[in-house]
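What TrEMBL says about this protein:
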type     : residues : note
TRANSMEM : 70-91    : transmembrane segment
DOMAIN   : 82-327   : domain 'G-protein coupled receptors family 1 profile'
TRANSMEM : 103-121  : transmembrane segment
TRANSMEM : 141-160  : transmembrane segment
TRANSMEM : 181-201  : transmembrane segment
TRANSMEM : 230-248  : transmembrane segment
TRANSMEM : 260-279  : transmembrane segment
TRANSMEM : 314-332  : transmembrane segment
Amino acid sequence: MDVTFQNSYNHSYNYNNSYSYNDSYSYNYSYGSNDSDVYDYSDYYDNNKTYDDGCHKTEVIHFGAVVTPVIFAMVIMFSCVGNALVLLVLIKYENLKSLTNTFLLNLAISDLIFIIGLPFWAIDLVWGWIFGDVICKLVNFIFYLGYYSSLLFLTIMTMHRYMAVVHPLSVHWNSTSYHSFGISAFIWFLSFCAATPQYIFKTAATTDGRDYCDYNNITWKLFSIYEQNVFFLTAFFTIAFCYSRILGRLLKPMSHRRPKTIRLILCIVIAFYLGWTPYNVSMFLSSLTSFHIAPFNDCHVSTALDFVSTVSRLVAFSHCCLNPMFYVFMGVKFRDHLKTALKNFCRKDNQLKDRRQSHLIYSNGEEITL
C-alpha cells in the first residue's frame, strides 16, 4: 500500500515498505527493501537517527520551526546592539594596544560573525535550504569561524587573567600592538583552519522535494561534531583550571579585590558552562546514533534527545549576546564611557535639529528652506 501525505511544514511521509523523511532539522531516515540502511544527514548540527517506520518526530520539527526563529531573532537583535556598543567604546575610548582590550574587541567581532548564520538556519527550519550551494558553504564556514574564534578568544582572555593574577611577575605579557596583533592573528588563523572543512564538505542538495544543506559524507559529519567537542573540552578544562587558581588567589586574606572580581568571574564561568555544556553533550550523544548504540536507537530516547538538543542549541547560541554583559557591561569604566558616548550622540542630534530649524524662514505663512 502506498500512502503519501504532506503537512503544512512540507514534511513528507512515504510508506511503501520504506520510510523516508527529509527535513532541514535532519531527521532523514530511509529503509530499503533489504536490511541495509541508507542515511542522509540533512543539516549542519542536528541529530541523525535511524528507526523503525513508526518513529515519527513531527512534534520536534514543529517545535524547532516555531521557537527557533523567534529566539534567533532576539539573539541577533541583542547581540548586534551589545557588541556594536562594545566596539564603539573600545575603538573610541580605550587603548587598543592593551591585550585585554584587543581580546575584547576580537571577541565582539567573533560574536557578530557568529550570528550571521542564524537567519539562514531560521529560514531553513521553516522553508528548507533555498539559498543554493555557494551560500551553503559560505554560511557554514562563517558560522563556525565565529564559533571557534569566540571560544578561543574566551580561552586566551582567561589565560591572560590567570597570568596577571596568579603569576604577575614570572611571565611578562607584553602589551605592545605588535604582540596584540600577533596573538589575535594566530587565533583567527587557527579558527580559519578549524572552520575550513565546513566550506569544503558542506553542500546543498534536494531529496524528495526538500532542499537542505549538509555534509556530503557521514565521516565529516562526525568529524565536525568531535572537533567541536575537542575544542570545547580544551576550553572547558583550561578555563576551569585558570579560574580555580584565580579564585584561590583572590580569596587569600591579602587580596583587596575580592567581591566584585569574584562575582564577575563566577558569572563568566557559570554562563559559559551552562551555555555550552548541554549543547556539546547532546551533540556527542546524537553522534552515537550513527553507530546504532543502545539506548539511542530507541525511538522514545531519540525523540527526547532531539528536544534536549534543540533547547540546548538555543541556549548555547544565545551566549553571544551575553558576552558584552559579563565581560564589559559589568565594568564601571565601560558604563562611564557608554554614558559619555550616549551624551555626545544626543548632543550632536540636538545640534543637528537646531541647524535644520535655523534654515527655515517663515514668510507670509509659507515655509521656505534655504
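Here, residue 1 is simply the first one shown, and the rest follow in order.
In case you wondered, yes, glycine gets a Cβ from its N, Cα and C as well.
What you are looking at is a predicted structure, and each value in this text was computed from that prediction instead of being measured.
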Range from 70-91, 103-121, 141-160, 181-201, 230-248 with the greatest count of C-beta pairs under 8 A to the transmembrane segment (260-279):
230-248
If I count Cβ-Cβ pairs under 8 A between the transmembrane segment (103-121) and each of 70-91, 141-160, 181-201, which range comes out on top?
141-160
